[in-house]
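Student: The structure that follows is given in the form of structure tokens.
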């Protein structure tokens, strides 16, 4: 769960006027920001202790001075027996800063008019305000005992200090693989298969005549998009491979993109499953995300299986992923930030291409 102080500040102030709000000598604004920080910490506490949350991300700006920024968080964590891992993003390259403002801040709710020149001017002045009070992490002195990663110039370099557990190592791995460059991810299922026609799940059937028509339509669509350096990924099942072959481009097969394993229910229709395994059929209806087919997988298992693919998608540029309904639901849930309860019910119909373009602020 993310607790962004910018969101709390916008709720408190309602409208942003200029960089003056962030001046260190603006006492009224400083008081508002302090109150927002305390409210955010209380929400973090509620999430972790009462809502059984595991990881809370609090976005803030560290300042010099007693009980401000990191000190406030460290004291709060100590009082509640929480572990703390800091992520610091540092940009000192003017070109990186300018590109970041244009790609990220122009779409910020602070700048509804979207005037690029005005946004650039105001945010550069806002950065100067930050510089007056900002205190970078210092691994050689004051902060040597803290656990953190310092991301320098949007991933050009990294500094990692005192990683202490599995979760922290996963955070480091994730941050070292993502990027903020513009890109598009295309998701689609294979064309209609022979098993789709008769309502059977799983298996490894080939495309139906209608499925082959879709593969040709997909080829035409991709050509019309004129996508630069597009990579195409499929599962190792016939129906995705046959869909990709029509594109006439190189594609990469991933076994972990295979459809969810239905175990003893593979190659059966839902009517057959209900008749042969009525208890299993009822259990699946009750808790679709956690339900595991006998000898097979659950959606929860599938999410864990797909983690390497998701990580690789974060590292790549433009990618077309031709997969299966359950797999596509998992990928879509990740990029759209859908809950485990929502995931199994996301609509991913056949012969439909979903285009995802990650941008700041949604």
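These residue numbers are counts, starting from 1, taken along the chain as shown.
Glycine too: its Cβ is placed from the backbone N, Cα and C atoms.
According to TrEMBL, the protein carries these features:
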ACT_SITE  190  active site, tele-phosphohistidine intermediate
ACT_SITE  259  active site, proton donor/acceptor
BINDING   189, 190, 191, 192, 193, 194, 195, 196, 239  substrate binding site
DOMAIN    2-182  domain '6-phosphofructo-2-kinase'
Student: So how many other Cβ atoms are close to residue 193 (substrate binding site), meaning within 10 Å of its Cβ?
Tutor: 26
Student: Neighbours of the substrate site 189, 190, 191, 192, 193, 194, 195, 196, 239: Cβ within 8 Å of the Cβ centroid, same chain, sequence order.
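Tutor: Going along the sequence, the neighbours appear as 205, 206, 207, 208, 211, 350.
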Student: Which ones in the same chain are close to residue 195 (substrate binding site), with CB under 8 Å and 6+ residues apart in sequence?
Tutor: 201, 202, 203, 205, 267
Student: Please find, for 189, 190, 191, 192, 193, 194, 195, 196, 239 as listed binding substrate, the greatest distance between any two Cα atoms, in Å.
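Tutor: Maximum Cα-Cα distance: 14 Å.
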Student: Would you mind reading off the Cα separation of residue 193 (substrate binding site) from the residue listed as 'active site, proton donor/acceptor', to the nearest angstrom?
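Tutor: Rounded to the nearest whole number, the Cα-Cα distance is 13 Å.
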Student: Mean pLDDT for the domain '6-phosphofructo-2-kinase' (2-182), as a whole number?
Tutor: 89
Student: Going by DSSP, give the three-state secondary structure for residue 191 (substrate binding site).
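Tutor: DSSP assigns residue 191 (substrate binding site) to coil.
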Student: Within the chain of residue 239 (substrate binding site), which residues six or more apart in sequence place their C-beta under 8 angstroms from its C-beta?
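Tutor: Same-chain residues close to residue 239 (substrate binding site) (Cβ under 8 Å, separated by 6 or more) are 190, 191, 193, 204, 205, 206, 207, 211.
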Student: Sort out the sequence-distant neighbours of residue 189 (substrate binding site) for me: same chain, 6+ apart, CB within less than 8 Å of its CB, listed by position.
Tutor: 322, 323, 324, 325, 328, 348, 349, 350, 351, 352
